């Protein structure tokens with residue numbers, strides 16, 4: 001029995017190590033898909049149409065402008081996720097005394113990574129056995145990164161990091177712009193894809209035709225898969241919960257952090273509407289909204305921790 005447990009732990013360790021090793025490969029894969037798509041859309045199909053003149057040239061120009069705008073927003077959001085730390089627990093962090101007195105701690109109690117330590121004053125502090133430190137509300141330990149992550153949603157191999165409090169908005173924007181860009185490319189290349197199965201002669205070299213075919217298939221696959229993730233995360237934002245919390249929280253009609261769709265949305269995207277669609281926050285939002293830092297989250301005033 002001991003050997004079986006040790007073997008399983010070793011396999012998990014090797015799996016986590018393999019995920020860490022995928023980092024640069026996944027970034028190169030993303031850039032490779034972008035490169036193939038760019039070549040098929042701009043260089044092969046719509047770039048040459050700019051010199052044709054007339055309405056066709058004008059339409060091609062508008063398409064290329066829209067394509068570059070969405071691509072720029074996609075890459076900006078993607079590298080914002082990659083290079084932004086998802087949120088680390090500050091050294092010597094402790095739960096604020098007023099929260100401890102009210103018992104406002106994360107209702108999720110993971111048997112593997114945390115324990116609740118109540119005392120005579122009804123204080124509740126979550127503790128990570130892996131990191132040997134207290135855990136803020138909504139914080140979870142990532143076995144791949146080997147540390148606790150603030151408001152952890154999941155570990156994403158595509159961004160080579162965890163998605164947490166400080167980069168969750170950027171991740172959502174990455175999903176949004178990826179869906180819009182891949183959908184646009186799919187629609188643009190669909191006539192060329194259909195032409196492959198017709199009897200008409202298709203202009204272009206075998207290399208350009210193969211690239212167009214590959215770009216269509218890749219973008220169609222990404223558009224369909226990302227659409228599912230985007231819908232799921234929209235529902236999570238509306239309920240002010242994360243992927244981990246959605247799967248681990250105790251079933252209950254109450255969820256302490258659900259403050260209504262508007263406030264739930266603002267806790268992720270901020271209150272300044274000018275910054276909602278770009279991977280950044282205004283200085284005013286960062287100053288007046290402590291929840292954007294991942295350590296403090298307002299909850300319903302009538303929330304009773306004993307219900308969870």
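Each residue, glycine too, has its Cβ placed from N, Cα and C.
A TrEMBL annotation is a machine prediction, not a hand-curated record.
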Candidate ranges 21-41, 84-104 [criterion: TrEMBL lists as transmembrane segment]: 21-41
TrEMBL annotation (transmembrane segment) - matching range among 170-197, 254-281: 170-197
Of the residue ranges 53-76, 125-148, the one that TrEMBL records as transmembrane segment: 53-76
DSSP helix/strand/coil residue counts for the domain 'Palmitoyltransferase DHHC' (122-249): 68 helix, 18 strand, 42 coil
For the domain 'Palmitoyltransferase DHHC' (122-249), mean pLDDT (0 to 100): 89
